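These come from TrEMBL:
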DOMAIN    1-105  domain 'HPt'
MOD_RES   His48  phosphohistidine
REGION    295-364  region 'Disordered'
COMPBIAS  298-315  compositional bias 'Polar residues'
COMPBIAS  344-364  compositional bias 'Low complexity'
DOMAIN    410-618  domain 'Histidine kinase'
DOMAIN    620-755  domain 'CheW-like'
Amino acid sequence: MSIDLSQFHQLFFEESAEHLASMEDLLLSLDLDAPDIDQLNAIFRAAHSIKGSSGTFGFHDMIQVTHELETLLDLLRKGSVQPTADMVDLMLEARDVIQQQLASHQHGHTFDEAQAESIIQKLQAMLVSSRQQAQGEAPATPALSAANKLNPLLPTTWLLEFPTPAGVDDLIEGLSNEGEVKVLYKGSMLGEPCQLLFTGIYKEQDLRNLLGFVVDPDALIICAYQDEDPAQADFGLFDDLEKTEDDSFGFFEFEAIDPPQELEDSTLTPLTQANPIAEEDEGFGLFYFDDDEPAIEQPTSDLSTQDVTPDQTSEQQDHLERQRGYGFFQKLPPIDAPPPTEQTLNKATPATTTKTPTSNKAVTTGTAETSIRVSVDKVDQLINQVGELVITQSMILQAAIELEAITGKEKLLDALAQLERNTRDMQESVMAVRMLPISVVFSRFPRVVRDLARKLNKKIDLKMVGENTELDRSLIEKISDPLTHLIRNSLDHGIELPEERLAKGKQATGTIVLRAAHKGGNILIEIQDDGAGLNRERILAKARERNIPVSDHASDQEVWQLIFAPGFSTAAEVTDVSGRGVGMDVVRRNITNLGGGIEIDSIANAGTRISIRLPLTLAILDGLSVAVGEEVYILPLTSIIASIQPTGTELKQVSGRGVMIYAYDQYIPLVRVYELFNLQPLAREIYEGIVVIVEAGEQKAALLVDDLLGQHQVVIKSLETNYRKVEGVSGATILGDGRVALILDAAEIIQMRKPRMH
């Protein structure tokens, strides 16, 4: 019986995606003049891990590309060749191909094999030229410590202890294919301790990687173990394996090995202390074997004292890895550990495990933060259930208020007030589970900027601020494309060519700042550049050309809004980057659909700043319920400045702009909500109603309503999903009495109120 590996596919896809993301970040930050060896090693390990795991699951197309990429990275980390910009471009291209291959396996799509073959040929050509360059420039071999004077061909016996998992017999059978297994104790029930002795040519970390998909890694104990005669204990393994057929790895032929006499009284060093350079795998072909290759060569010298150079260790390990199918469930190997004191391994000794940092950044000490992988669907379901709980709690409160008016007892209301507080705390905790740092989106832009800057022959310095700012995952998924379009626009239209910038007295390198921060219960995202800025006259001329009504005396803000018109573009020529006028209208529509707004500020020859304001979540909001006629509407508290009872003295009729109300040292346009939705109001005169002043960005409006009903926490229901898009409305909710209330969108209402420009 064999283990069904398909149950581990999702974990493989997730971990490979993390490796690819890490690889891209490290490649983009690589210093070509003085490359960091730790950084190169981390990139190599990411590629190596993907290759090993791909072979385990039979994704051989990924093996081919990652092998060539890994070989090139190996030359770089050994210092045989110096990295170049073209080399980094090619490795990034290879990384993209691997990502597409991964997506094809994950979603069952067909991948274009010609694309993979093309990148393989490019990598091979780069390898040929790099090796030619490296001839005669062999790097110096570092001296090895006593702990590294170890022949990697020796098998090791490990004591394994873990809670008995489901399918433990399959696990033991799988281990038997990797070496010799002796069952010390096997639990009869799930969770009972299971103890095994495993003898094979495996390092401790490799065993953890091998078992980590089946056994809880935190509960797995691995100890190096030796019998009384360490020099003779495990050599019988080779005799047993001589001419043994193995279903997983083919037919092996081993030559008998006589243990050197010098080993009989020697002290062995655990394999976990071996030089980590030996973990590299230059030999291509995970689970592929060369029948012409001898199985194990006869050692020719003293194994206990022979100095082994990194290259020799690597070659011997590669030779062995091809025989044993190295890479099974492989993850990142451990970093170097301090050489331990010598000790005779006559008893089980716990093996230490050190986690590998994925970059050259400093690793801080402290308590490790634990986490688990949870399906997004489960999180969404939990949030929906909490939303329904909030609605139910609101209904109970409404019923209790009516009951209290009859009985006069306040005990029930006190208990419900406590329930409301508990519900709010639970809602906030659950919502925090779905919050992600915006760095999830920001992390893709260094690559976008780098590739486009090279294509346009521009020099760009991208700065990112506030990457740890959190917002809802649903927003993360939907904001990515609009931000990408705005970044590309800043780079293409905003930042000038180096020679143009120098002629204007600027630095040759342009700057784009991507900034995120929380502000007033919303998240504010800004894209700012120090480029040429928007050209007011060119925008006005283009508007007249397209018969868009606009006044010559329009404010800059009104002129900048014209670029969001469908098909609007001031580009002198159409390129494959931009210039067709397709995109900015889609950007604004997508942001508006998220309940947000977008504004532009620009100064000629100084630059442009685009500000996007979004709610933190699309699930639940705190709102103020207002009455308009017989209907109830919800205004988000984050958009409310104040509410006032007008007396009539604050009102003023402005020609061409309607009624304005003077408040906060400015005139604010009055919006009669009943007119927007064709309702019969209870208060027709302004001074009979209440004015709620709202803002969206830098713009404000005074909404005339009949009454304020109270503050509520409401669950947002999509109106478009259940009905259709309604202008001025961002969603709907269910009130405590069971009625449906519409949630007003302040930004859209302000735009609806604006008179057409003449």
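Note: Cβ is positioned from N, Cα and C throughout, glycine not excepted.
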For His48 (phosphohistidine), the three-state DSSP class is helix
For the domain 'Histidine kinase' (410-618), the mean pLDDT of the predicted model: 85
Pull the DSSP breakdown for the domain 'CheW-like' (620-755) and write it out as helix, strand, coil residue counts. 22 helix, 72 strand, 42 coil
DSSP helix/strand/coil residue counts for the domain 'HPt' (1-105): 83 helix, 0 strand, 22 coil
Inside 10 Å of the Cβ of the residue listed as 'phosphohistidine', count up the other Cβ atoms and send me the figure. 25
